[in-house]
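Engineer: Have a look at this one before I ask anything.
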2 protein chains.
Amino acid sequence: MKCECGREAIERVGGRYYCKECYSKRYLSLVERSIRKYGILKRGEKVLAAISGGKDSVAMIAALKELEDKLGIKLEALHINLGIGEYSRKSEEVSRKVCEELDVPLHVVYLSEYGFTIGDVKRKACSVCGNAKRYIMNRFAREEGFDVIATGHCAEDIVANVLKNLYSGNFEWSEKLLPRIEGYFKFVSKAKPLYEIGEKENLLFVLSKGITFLPDECPKAPDPKWKELVYEIEKKIPGFKKGVLRSLVRREKVESELKSCKICGEPTSAEICQFCRNVKKFGKVRKIPL
Amino acid sequence: MKCECGREAIERVGGRYYCKECYSKRYLSLVERSIRKYGILKRGEKVLAAISGGKDSVAMIAALKELEDKLGIKLEALHINLGIGEYSRKSEEVSRKVCEELDVPLHVVYLSEYGFTIGDVKRKACSVCGNAKRYIMNRFAREEGFDVIATGHCAEDIVANVLKNLYSGNFEWSEKLLPRIEGYFKFVSKAKPLYEIGEKENLLFVLSKGITFLPDECPKAPDPKWKELVYEIEKKIPGFKKGVLRSLVRREKVESELKSCKICGEPTSAEICQFCRNVKKFGKVRKIPL
């Protein structure tokens, strides 16, 4: 099949055939529209894009690079090496390669600098990992003067997390899934430029553009059942995903009392922040004085 | 198979066989435990149980009648005739029969007294019906001096509504799905004694006790896809239902600004309450001055 422009089509989306070039254009305009609609990124902002090397974060940084001038942002990238053996080595390598290809300045932080790695963590690794990433991203961004942190969460990630929070009794956490969370206290603003974009669209974009990415799943990856569930519900209730995403942005913000962690001074609602508790629990030698 | 008591079993629950008598005992103790755990009903309260004649509300009123002395409550029932042709006629008949069998004083209110019936409503009948029931229940209960309104919502109803609210952008409505909502402003307290009880357990209870109930579905019943979805998710994520129910009770209450409806004085967050707008939209002759 042919694209409307006459070139060979690579994909059919919403009844139309697209070639690589036209698909990429369409993708970029969707991302741009989404960013403007929700005010995800603002003119003049210094943006720190957190990238793992996977399809979603690579799609995000490639799209942001193409939209950099149009949106009036200044883009740099952060990769956190989590110390999950070969997987982390490859992730770092791919992240370096992508940023070189795209000509985006890259910062790399090693979790091991804090005295432990996710490779060390035997139980509940995903929750420890998530916490570490949030901690490092936020601290790095604030200390280096970034205005906002952008992450590559896609639509399915967000809906899967809403359902998971609903199931596990932490629904209030869903506040954190909003497309833009303004900074407050010691938190740097957070942005999800791919809030409305599906993971298949991200994959197709990086393939269309021929950008390097790491197809490997994290060896510690959680049970994929939540994301599968999103696909199953969508089949039964078409529009469910979009409905939930829209629903989320309509909710009101609830803030909890925050203070400074007694050990490191980072923001926390407890006496000692979760990251410091994890450092204490899993850390061997602390290389960075807090 | 035999029940542990030696009698003929009728059902297998959680690996155990139950006869009618032992099943009913188990059901009542589950309902009682639930009521105590969430403080759904309180000693000394005058309870108005709203019944439709269906399995869930019949199970509720039968269970509450058996627990009446133990819980220290005073039980009466309310049936609202919604004017949905033959279905409403049968619902009223069954409700009258059940209350006679159980020796519970019954009040019957006809929606037609307000100048319209659900039979008149062509589009979005379910939402108009829900609003009418809530309005009448609340007003009747308050004016007649009841402390709390009990409804027969079962676990699947609640989880289906949570998902629906999540999808339709009205997540805050899920506050109304809590097992107990204290009265405020002009609202009488609301209770859901079957919050944790599944619809199959309710059905088995009324069958075990041989109590009359109406098996008919409302001819205006909404698409059953949401409840089906609950069953499908439960199959994939066992415990999802319980997780959501627990999650809900852990959330904090958000209250919206309330005022008195300019027409009828009932509580509303708008100038004119939804019920009065519906009366205006669908009503023919208003028989009750508001």
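Each Cβ is built from the backbone N, Cα and C atoms, and glycine gets one as well.
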Engineer: For the ATP site that TrEMBL describes with A:ALA50, A:ILE51, A:SER52, A:ASP56, A:GLY152, A:ASP157, which of these is also annotated: A:ILE73, A:ILE80, A:ILE181?
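Structural biologist: When TrEMBL describes the ATP site, the candidate it includes is A:ILE80.
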Engineer: Report the largest Cα to Cα distance, in Å and rounded to a whole number, among the residues A:ALA50, A:ILE51, A:SER52, A:ASP56, A:ILE80, A:GLY152, A:ASP157 that the record lists as binding ATP.
Structural biologist: 20
Engineer: For A:ALA50 (ATP binding site), which residues of its chain lie six or more apart in sequence with Cβ-Cβ distance below 8 Å?
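Structural biologist: Residues satisfying the criterion: A:SER57, A:ALA77, A:LEU78, A:HIS79, A:ILE80, A:LYS133, A:MET137, A:ILE149, A:ALA150, A:THR151, A:GLY152.
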Engineer: Out of A:ASP56, A:ASP157, which of the binding-site residues is least crowded by other Cβ atoms within 10 Å?
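Structural biologist: It is A:ASP157 that, of the binding-site residues A:ASP56, A:ASP157, has the fewest other Cβ atoms within 10 Å.
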Engineer: Can you name the residues of this chain that are 6 or more positions from A:SER52 (ATP binding site) yet have a C-beta less than 8 Å from its C-beta?
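Structural biologist: Same-chain residues close to A:SER52 (ATP binding site) (Cβ under 8 Å, separated by 6 or more) are A:HIS79, A:SER91, A:SER95, A:GLY152, A:LEU214.
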Engineer: Name the secondary structure element type, per DSSP in three states, that contains A:ILE80 (ATP binding site).
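Structural biologist: Once the DSSP labels are grouped into three classes, A:ILE80 (ATP binding site) ends up as strand.
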